[in-house]
Amino acid sequence: MRILPEPRGSVPCLLLLVSVLLSATLSLARVVEVVGYAESKIKTPHAFSGLRVTIDCKVNKGHFVTKGSGNIDDKGKFGLNIPHDIVSDNGALKEECYAQLHSAAGTPCPAHDGLESTKIVFLSKSGDKHILGLKQNLKFSPEICVSKFFWPMPKLPPFKGFDHPFPLPPPLELPPFLKKPCPPKYSPPVEVPPPVPVYEPPPKKEIPPPVPVYDPPPKKEVPPPVPVYKPPPKVELPPPIPKKPCPPKPPKIEHPPPVPVYKPPPKIEKPPPVPVYKPPPKIEHPPPVPVHKLPKKPCPPKKVDPPPVPVHKPPTKKPCPPKKVDPPPVPVHKPPPKIVIPPPKIEHPPPVPVYKPPPKIEHPPIYIPPIVKKPCPPPVPIYKPPVVIPKKPCPPPVPVYKPPVVVIPKKPCPPLPQLPPLPKFPPLPPKYIHHPKFGKWPPLPPHP
């Protein structure tokens, strides 16, 4: 961000209202507002179109990082989204941040009152809402900070026959230029050394995983089948002998049942839990052999006397209805209790003990004084005479005779073909074209 000098004759200044909302993506939501004002004499909304504002924060080593940007509307307002990392809990800014205006072309606009005028500072705090603002009013020059261009592009030429009153000369057609081909160049072959072999380690053989060993499941001991006991055969009894009617019994007075008195159950203080001791292994005994008893022989039927001849007498009392004789109860045979055989115990190996290294005992450092050695005396120099080794003279170099170089004469090249004479060009038009309406005015340049 550079500070440019204010140009002469500039008309600065537009009213800007900066409103920056912080996104509450974290658990601690905050709202940051930056409010700034600017002075201006121009109230047209066209001066704001295309302008853009960015919030640049200064990081280490003097570099600026853009934290947010937004466009300005017709009223001079804009909204920005900035991260909440630059604002602390007490509202102070962790970094130095500045507001920067950009023109419609994207170039930054110069600051008129220096960089400190666009600095964002802390103003106030209301609850979770932090209000920030600018030190001074923002100013910009419409001549330097240009907005969008609203005038339409001019139509050129304005009417037919305005640009070229005379036809253009025909294009020049030059004959083709043929260049004599040069003989090919032969160069001696270059001996390239063989590439250095790259030795790679042999690939590691993949060892297949070990084959799992599956042990057969332990066989469960099935208890012997439970014997089925059949009930004894029913014996048909003779018809009952009618008895004399009994006098009616007095009716029983049924009293209502007494009202039960419910007392709260007494609190039972549970003793401490008894440690569970594993019982010793049970010795399995074979089941007892059932003893079957032979059924008794049925008794012979008793002789039934014929019924006596009834003597009809006038009834004195109404006879009682005969009592119903209930059949004998059916015996309920309960199956013998099942013998539950506990599953076989699986003896697990004892756990592998984990040996931890003994804790290190830190002893205080022991100061050992340095050992000072006595300096040795310098050695006595021994002077020896230099040994002279005579060198043999080198023989003269053997002359190498090379054959003379044979010069091959070259044929002279044929003369170059002469180009045909250039055609005569038409005379150039005058410098200023005479026009009946505008007179001798210079021609207008074409519009880009």
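The backbone N, Cα and C atoms fix where each Cβ goes, glycine too.
If you look up Swiss-Prot, you'll see 1-29 marked as signal peptide. Per Swiss-Prot, the feature region '46 X 5 AA approximate repeats' maps to 152-446. Annotation source Swiss-Prot lists region 'Disordered' at 240-345. Sequence annotations record features per position, and here Swiss-Prot assigns compositional bias 'Pro residues' to 240-290, 306-319, 327-345. Residues or ranges marked as repeat '16' by Swiss-Prot: 245-249. Feature annotation from Swiss-Prot assigns repeat '17' to 250-254. Residues or ranges marked as repeat '19' by Swiss-Prot: 260-264. Per Swiss-Prot, the feature repeat '23' maps to 286-294. Swiss-Prot lists 321-327 with the feature repeat '28'. Residues annotated as repeat '29' in Swiss-Prot: 328-334. The repeat '30' annotation in Swiss-Prot covers 335-341. The repeat '31' annotation in Swiss-Prot covers 342-348. The repeat '33' annotation in Swiss-Prot covers 357-363. Here Swiss-Prot flags 390-394 as repeat '38'. As annotated by Swiss-Prot, repeat '41' applies to 409-413. Among the features that Swiss-Prot reports, repeat '43' is placed at 420-424.
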Lying 6 or more residues past either end of the repeat '43' (420-424) yet within Cβ distance under 8 Å of it, the residues of that chain are 172, 175
Please indicate, using numbers and ranges, the residues of the same chain that are 6 or more beyond the repeat '17' (250-254) and have a C-beta under 8 Å from a C-beta there.
none
Give residue numbers and ranges for long-range contacts of the repeat '30' (335-341): same chain, 6 or more residues beyond its ends, CB-CB under 8 A.
221, 223, 226-227, 284, 287
For the repeat '28' (321-327), what are the same-chain contacts with Cβ under 8 Å, counting residues 6+ beyond its ends?
240, 242
How do the residues of the repeat '28' (321-327) split into helix, strand and coil according to DSSP?
0 helix, 0 strand, 7 coil
